[in-house]
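Below is one structure, written out as structure tokens, with a few remarks after it.
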Amino acid sequence: MANLGSEAEREPLLGPGSPGSREWSEIETQEHYKSRWKSVRILYLTMFLSSVGFSIVIMSIWPYLQKIDQTADASFLGWVIASYSLGQMVASPLFGLWSNYRPRKEPLIVSISISVAANCLYAYVHVPAAHNKYYMLIARGLVGFGAGNVAVVRSYIAGATSLQERTNAMANTSTCQALGFILGPVFQTCFALIGEKGVTWDIIKLQVNMYTAPVLLAAFLGILNIILILFILREHRVDDLGRQCKSVNFQEENTDEPQIPEGSIDQVAVVATNIVFFVVLFIFAVYETILTPLTLDMYAWTQEQAVLYDGILLVAFGVEAVLVFMGVKLLSKKIGERAILLGGFVVVWVGFFILLPWGNQFPKIQWEDLHNSSTPNTTFGEIIIGLWNSSREDHSEQPTGCPIEQTWCLYTPVIHLAQFLTAAVLIGTGYPACSVMSYTLYSKVLGPKPQGIYMGWLTTSGSAARILGPVFISHVYTYLGPRWAFSLVCGIVVLTILLIGAVYKRLVAFSVRYMRIQE
């Protein structure tokens, strides 16, 4: 909080020693402080590797799927990509609940082991004689299931940091996550040098090529992560003021000693924050999904151009997110997390409002049939098909523009490139600010109680948004066009802003709500 000096983080802190309670009698020594932050940094790495595990194969899934199973089509590709989020959605509350009652090492090691095994399965999906595409579906779903440990990571960091440290720690977590999404495709590009044939070990039926090398690297990094967790991670817990506490996971039951009444969690604030986080991830999924189809339709780009330019834009988006994460750490100390959350949604609303088409200039119409249409039929993952095919096709005769099958192309004005880029900057600023502030506030609202299951539900809401967002924008954009699509998104953002305004006073730290400390 504002009245706590930053130097206090490094000083030994003496608990108040409340009668009848041993929990608050601990002192945070310098050794404990170093061990606590060493453990937190191990979980930063875990978050980074989880993101890399998702993004390191995202651009090569389609060609690999075609190679192992000729019956796979674009629709099945959408299921393969969505299976990651489905797996994470199911696993998050389970791992979160587990972490509430047992040492966090257990769900972390089990979840990472599942991811390692799933990545190895992905490398061997070419071996079965039939139904290979379903093995890939299972592999990606299990990788997502292993990524459910995000709930454990966030709950650990929330419990191992004081209120003053929390925003910085959560921002660092988001930074590592964003870096994982950025660097994953970079690793994939490097492995492309190996080629499709690569090297084969017949004895173990292992093919190391441009498709399998990335997942084998992810599996190796996962094993290193398990080793670090086993030997470095320690159970740490501090209260909102930073005083050392005994971890709930190891606290012995003692019915003879009275317990300090902790108060109840504000469930209204909990539900509201889950809704807010759902909208945050929904917005990102919508924007990510619509990016390439929109540029194909509005600017008559070829698929090669769209993949190149939009890929550059997404990398810039990730870099901008990292800068925003670093910026909010400083800004939150001056204006608070709630103001940043509200301001972030306002910026996002302005971004989508700018994307609304105006004027009397219309996009180029594509009169010819285009088999690989720019219509976003399922998810952003289908656009990966264009990335792989673009390097093999002759684009000199490829029809470009807004396909006539989308009737709105005939009467909807074009979105000018300046509009598009301005909106990208604004959305790229607002989204990461809203993301980190939403689960930072969430962790503070929950207070000193174990947060595993609650963080699991938060991660589940985010996974659901990543599944539903592409479905929503695909149908609305295809049949009604960008004006309706972005207008509805603006409406959703306005409703979310009103929700934040309604619960604004409730979005305070647990200790502040019960007046144990002053905000």
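Cβ coordinates come from backbone N, Cα and C, glycine included.
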Exercise. Going by Swiss-Prot, do Asp73 and Gly481 end up on one side of the membrane?
Worked result: yes
Exercise. So which of 76-96, 141-161, 311-331 is most in touch with the transmembrane segment (175-195), counting Cβ pairs under 8 Å?
Worked result: 311-331
For this session: Might you confirm whether the transmembrane segment (42-62) is in contact with the transmembrane segment (417-439), defined here as three or more C-beta pairs under 8 A between residues 6 or more apart in sequence?
Result: no
Exercise. Ranking 76-96, 107-127, 213-233, 311-331, 339-359 by Cβ pairs under 8 Å to the transmembrane segment (141-161), which is first?
Worked result: 76-96
Exercise. Mind checking which residues reach the transmembrane segment (107-127)? Cβ under 8 Å, same chain, six or more beyond either end.
Worked result: 46, 50, 53, 57, 67-68, 91, 95, 98-99, 135-136, 138-143, 145-149, 152-153, 205-207, 212, 215-216, 218-219, 222-223, 225-226, 229-230, 233
Exercise. Should the transmembrane segment (213-233) and the transmembrane segment (42-62) be scored as in contact, given a threshold of at least 3 Cβ pairs under 8 Å and pairs 6 or more apart?
Worked result: yes
Seminar exercise, completed: In the same chain, residues at least 6 away from the ends of the topological domain 'Extracellular' (196-212) whose Cβ sits under 8 Å of its Cβ atoms read 57, 60, 63-64, 67, 122-124, 126-127
